[in-house]
Amino acid sequence: MSKEIKHYLGDKDVQVILGTLLRVGVIVSTSIVLIGGIIFMSSHTQAVVSFEHFKPEEAKFSSIADILFGVRSFDGLAIIQFGVLLLIFTPIARVVFSIFSFLMEKDYMYVLIGLIVLCVIIASLYLDVTH
Amino acid sequence: MTVLLFTLIVLIGAFLAGLLGSLTGLGGGVIIIPLLTLGLGVDIHYAIGASIISVIATSSGSAAAYVKEGITNVRIGMFLEIATTISAIVGVVIATAIKADYIIVIFGVILLFSAFMMLKKKVDHSNNEQTSILANYFKLNGSYPTEGGLKQYAVHHVVGGFAMMFVAGTLSGLLGIGSGALKVIGMDNIMKIPFKVSTTTSNFMIGVTAAASALVYLHKGQIDPVIAMPVTLGVICGATIGAKILIRTKTDKLKIVFAVVVTFLALQMIYKGLTGNA
């Protein structure tokens, strides 16, 4: 029984760090989206938008490289997209964090399972399914 | 429509989606998509891209709130994520291959199903009969703290649960939603995991699954920053306030009203898809 309690407390510490990680991830990415939004809105409020038809060829910031390039030139839309990217990476960071905690517990089966999940996500980065 | 007007409408809509989504447990995606497609005439591809972002935002936001209770079973989550992430990518590939009208109809059907599941009384099937060989092998059985000390629970039907997660992941990737209703069936009904554990664990899985499909949607050009900005900001504000109200309010009546609204939206989506007005 004592071993179980110790195990639970260890998990609890991990959970507290995880909670902080998630909260920071959400706050930082939301703030960046807000900043990008303000920059974009300051010069485009009266521009006309239409999303009636899907035009993937017109998408400006649809890869990590394009987003980072746009952020450097202080483009509002690129900054929004950068914030969105950070938001997407928040749960991925949670997977990476879990893999490390399994490694510390010497639970190699779950290190492997975590790595499989991470590989699937990384593979999705390189998947080309454009029309 | 001007950028200013569009942003304001989506901002208010996303705020309500986040608020109602967290109060009823239905999630934000199921409201964002009808709002954008039916309300503002946005193409379903852009609506799905915006929705997947709102799913990640609500998942990470509420996960941070759940963590204090410390009952997520990371092993169950990680194990089932093998199924949900692979199938999410399969879902995105299917979405590329089939007509947009079909996606809209499937979305409507899932929306109806989610409304039904929201009203259905949940029954805790959990017990501690550690009979599953796979659950023992993958160390899925666990315990969670109660007032009377640690309570042990056993996981059942690992293969069935894994298969259900494959379906949930496919729909998540195909429609840009969290598939919470299907994950509940997989974890509560098939694997017999106690509520306290399944709620937070499925939330963990929803975020990771959505991240996998979001990266593909980003590359496909379906995540447009002009839509993503008000959706992200609105949903996060709404979900945060919703989580605070939820602690001290009963939501039974709200759920019934909301189920009626969602059913109406679902039928409209099905009609839109069938008549080819997409």
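Cβ coordinates are placed from backbone N, Cα and C, and glycine is handled just like the others.
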Fill in: Where TrEMBL places transmembrane segment among the ranges B:25-42, B:79-96
B:79-96
Discussion item. Could you check whether the transmembrane segment (B:226-247) packs against the transmembrane segment (B:102-119) - three or more CB pairs closer than 8 Å, residues at least 6 apart in sequence?
Written reply: no
Fill in: Listed stretch, out of B:79-96, B:102-119, B:158-182, B:202-219, B:253-271, that has the most CB pairs under 8 angstroms to the transmembrane segment (B:44-67)
B:202-219
Item to complete: Given the cut-off of 8 Å on Cβ pairs that are 6 or more apart in sequence, determine whether the transmembrane segment (B:79-96) and the transmembrane segment (B:253-271) share at least 3 such pairs.
Response: no
